[in-house]
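J.: So that we are looking at the same thing, I have put the structure below in structure tokens.
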Amino acid sequence: MAEHDDGDLIAAIRGLARANVLVVGDLMLDRYAYGRVERISPEAPVPILTVTREIAMPGGAGNVVRNLTALDAAAAFVSVVGDDQEGSDLTALIGGQPNVEPWLLVETGRATTVKTRYIAAGQHLIRADRELVMPLTDKLGERLLKIASDAMAATSVTVLSDYRKGVLAPTIARNLIASARSIGRTVIVDPKGADWSHYAEADVITPNRRELAEAVGRDLPDEAAIVGAAREVIGRFGFGAVLCTRSEDGMSLVTVDTVRHYPAEAAEVYDVSGAGDTVVAVLAAGLASGLPLEIAARLSNIAGGLVVGKVGTAVARPDDLVDAVKPASGALRKVVTRQAAAEAAERWRQRGWRIGFTNGCFDLLHPGHVHLLEQARAGCDRLVVGLNADSSVRRLKGATRPVQPEAARAAVLASLASVDLVVIFEEDTPLDLLSAIRPDVLVKGADYTHDTVVGAREVESWGGRVMLAELLPGHSTTATVTRLRS
């Protein structure tokens with residue numbers, strides 16, 4: 001496959017859904033508390049965060065699994081949680097992931113690792129960790145090894161995601177690698193610590209620059225130093241390849257006789273949380289779907305660049321990767337999926353921007369539509385337009401509508417300067433889309449009343465408001481269609 005062939009790369013991305021990957025490693029609960037800072041505490045010179053929203057998601061090895069499912073790949077997941085509420089929360093969160101076969105063992109007396117990040121205006125204020133690092137009991141370790149070794153038979157790639165919380169003790173890591181090699185399975189290790197001897201014979205190891213420097217005991221100031229260090233650990237531990245992530249400098253893939261440097265793909269960096277997990281997941285899915293190592297590494301580099309441009313522990317989806325390889329041109333860049341719109345809204349929110357939302361069929365765009373959209377945009381910093389899909393319009397307007405198909409309606413809307421994003425939705429109402437975007441301002445025409453605006457109660461529940469825009473008399477899509485037919 002030629003690296004420059006966009007068509008082949010897009011086919012490779014679509015093929016990631018064929019992957020079936022085993023993930024073994026440390027699972028933790030990632031919590032995010034978002035809010036605003038408006039004053040300093042009178043008790044100490046520290047900011048007061050007024051929390052407005054909290055979310056929780058699987059972290060550590062669980063984030064590798066999240067990224068695999070975001071690619072539509074299948075995953076078997078083996079890990080350990082404590083017998084506490086956080087462990088129960090993680091079990092539910094992992095159980096809610098599609099295409100995952102979870103094997104979460106519960107250990108009495110173990111405290112589930114929890115990392116809580118406090119964020120305001122897109123900036124991390126502090127991270128609070130609660131953890132008790134301890135090895136597994138011999139009995140539980142043997143059980144984990146048996147389950148993981150059995151799961152290897154149904155998967156083609158095994159990922160060891162080591163955060164040094166006790167699941168991947170040296171003996172367990174060695175035995176898992178030996179089991180995988182005995183049946184011809186590829187092993188990827190995301191390492192931790194300075195001693196990598198228990199990762200010996202892994203096919204690919206994925207350190208960042210700091211971790212590789214720690215393993216060889218010296219600074220790595222440039223590409224030549226990174227290549228030298230990578231070949232040193234390849235020679236010492238028998239690795240097939242080292243994929244070193246280098247932050248703003250991209251990634252380097254090193255084998256005994258080849259070197260490839262991939263430049264950084266990120267346009268803007270908002271949050272590096274979990275980016276390494278994304279790289280590992282895409283690499284694993286690529287290899288599991290039959291891609292050459294060089295192409296899988298290239299896709300993982302693209303994916304890493306995407307997630308650092310998002311807020312929080314984010315994932316890269318196939319459509320994201322396709323757009324990065326072959327971006328839409330012109331106004332069509334504004335036509336996005338619900339998930340992409342929600343992620344954009346979160347970035348805008350962290351910058352303190354007010355998000356506006358309106359929706360409709362916008363079948364034959366007329367001056368009345370333009371007037372409403374301009375008022376909506378004047379009442380916010382960024383405007384998202386929900387556009388009824390063709391099926392939704394037919395249910396609402398009848399079998400003869402829409403006149404224009406959804407792709408054409410979306411393209412015309414996206415060409416307007418007042419519109420920042422367009423999202424097509426299949427439902428009869430935009431409630432689900434509203435809940436995903438959580439706008440500050442919900443805009444409808446003045447022919448509505450507050451009580452008849454769908455989503456008014458929901459928007460006001462999170463502190464938003466409803467705006468009724470004045471209408472421009474004499475303009476109606478229905479009237480235009482009637483005139484055309486007569």
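Cβ coordinates are placed from backbone N, Cα and C, and glycine is handled just like the others.
Because the structure is a prediction, the values reported are computed rather than measured.
As annotated in Swiss-Prot:
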ACT_SITE  Asp277  active site
BINDING   Asn208, Arg209, Arg210, Glu211  ATP binding site
REGION    1-331  region 'Ribokinase'
REGION    357-486  region 'Cytidylyltransferase'
J.: Do you know the mean pLDDT across the region 'Cytidylyltransferase' (357-486)?
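T.: Averaged over the region 'Cytidylyltransferase' (357-486), per-residue pLDDT gives 90.
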J.: At a 10 Å cut-off from the C-beta of Glu211 (ATP binding site), count the other C-beta atoms across all protein chains.
T.: 19
J.: Identify all same-chain residues not among Asn208, Arg209, Arg210, Glu211 whose C-beta atom falls within 8 angstroms of the centroid of the ATP site's C-beta atoms; report them in sequence order.
T.: Pro207, Leu212, Ala213, Glu214, Cys244, Thr245
J.: Could you tell me the C-alpha distance between Asn208 (ATP binding site) and Asp277 (active site) in angstrom, no decimals?
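T.: Distance between the two Cα atoms comes out at 11 Å.
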J.: Counting Cβ atoms within 10 Å of each candidate's own Cβ, which of the binding-site residues Arg209, Arg210 comes out highest?
T.: Arg209
J.: What Cα-Cα separation, expressed in whole Å, is found between Asp277 (active site) and Glu211 (ATP binding site)?
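T.: With the alpha carbons as reference points, the distance is 14 Å.
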J.: Please classify the secondary structure at Arg209 (ATP binding site) using three-state DSSP.
T.: helix
J.: Give me the DSSP three-state residue breakdown of the region 'Cytidylyltransferase' (357-486), ordered helix, strand, coil.
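T.: Helix/strand/coil tally for the region 'Cytidylyltransferase' (357-486): 54 helix, 26 strand, 50 coil.
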